[in-house]
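Peer 1: Pasting the relevant annotations from TrEMBL:
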type     : residues               : note
BINDING  : Cys110, His153, His157 : Fe cation binding site
ACT_SITE : Glu154                 : active site
Amino acid sequence: MITMDDIVREGHPVLRQVADEVSLPPSEEEKHTLTEMLQYLINSQDEEMAEKYNLRPGVGLAAPQIGLSKRMIAVHFTDFDEQEYSMGLFNPKIMSHSVEKTYLSTGEGCLSVDRDVPGYVPRYARITVKGTDLNGNEVKLRLKGYAAIVFQHEIDHLNGIMFYDHINKEDPFNVPENAKPADREE
Ligand code: SB7
Ligand code: NI
């Protein structure tokens with residue numbers, strides 16, 4: 001079982017590496033690891049499990065965060081429009097994105113970052129993602145708002161990018177150009 005002891009923290013070079021593609025079909029070991037990553041997220045959102053094993057709640061996890069430089073992500077969350085996302089993806093790729101941006105008014109956090117980093121993280125408002133799921137099926141997802149933000153945060157990890165790399169250093173709460181908040185009515 002994956003716990004916080006397995007999560008690598010900022011400063012570890014693996015978080016800055018460009019992760020390797022998983023050659024398809026994935027091995028049994030790769031499928032097992034991705035299943036465990038998804039299970040971490042499910043456990044971390046279960047109050048009893050989270051308390052018992054000291055799990056910090058997370059809606060997503062990327063393989064580099066457990067020290068594995070491979071293109072694998074897991075997500076587990078319900079979007080603002082009640083749509084549920086619970087899956088593991090091999091080789092997720094953003095095929096296209098909007099010009100319009102979005103951001104969370106609360107900023108972002110990361111299981112690999114043990115401090116608050118305030119500021120808006122500009123993200124594409126809409127993305128299309130392709131990847132291969134745990135059953136070996138090719139999937140194509142059209143995502144907007146919060147879901148688009150979570151997938152971009154995870155795919156960034158595969159490219160060695162941390163959420164705070166996107167924050168405007170001079171003015172962290174400057175509203176990004178072309179952007180509407182994903183979590184607030186305007
Ligand atoms: C806020 C939090 C996350 C994504 C987008 C906005 C995920 C946090 C957990 N992770 O560190 C996953 O990489
Ligand atoms: Ni993260």
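These residue numbers are counts, starting from 1, taken along the chain as shown.
From the backbone N, Cα and C atoms, a Cβ is placed for every residue, glycine too.
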Peer 1: If you measure Glu154 (active site) to Cys110 (Fe cation binding site) at Cα, how many Å is it?
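Peer 2: The separation of the Cα atoms works out to 10 Å.
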Peer 1: Could you list the residues of the same chain, at least six apart in sequence, whose Cβ is under 8 A from the Cβ of His153 (Fe cation binding site)?
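Peer 2: In sequence order, Gly60, Glu108, Cys110, Val121, Arg123, Phe163 meet the Cβ cut-off.
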Peer 1: With the Fe cation site defined by Cys110, His153, His157, which remaining residues of that chain have Cβ atoms positioned within 8 Å of the Cβ centroid?
Peer 2: Gly60, Ala62, Gln65, Glu108, Leu111, Ser112, Glu154, Asp156, Met162, Phe163
Peer 1: Under 8 Å between C-beta atoms and at least six apart in sequence, can you list the same-chain neighbours of His157 (Fe cation binding site), or say none if there are none?
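Peer 2: For His157 (Fe cation binding site), the qualifying residues are Leu15, Ala19, Ala62, Pro64, Gln65, Ile73.
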Peer 1: Just how many other Cβ atoms lie inside 10 Å of the Cβ on Glu154 (active site)?
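Peer 2: The answer is 23.
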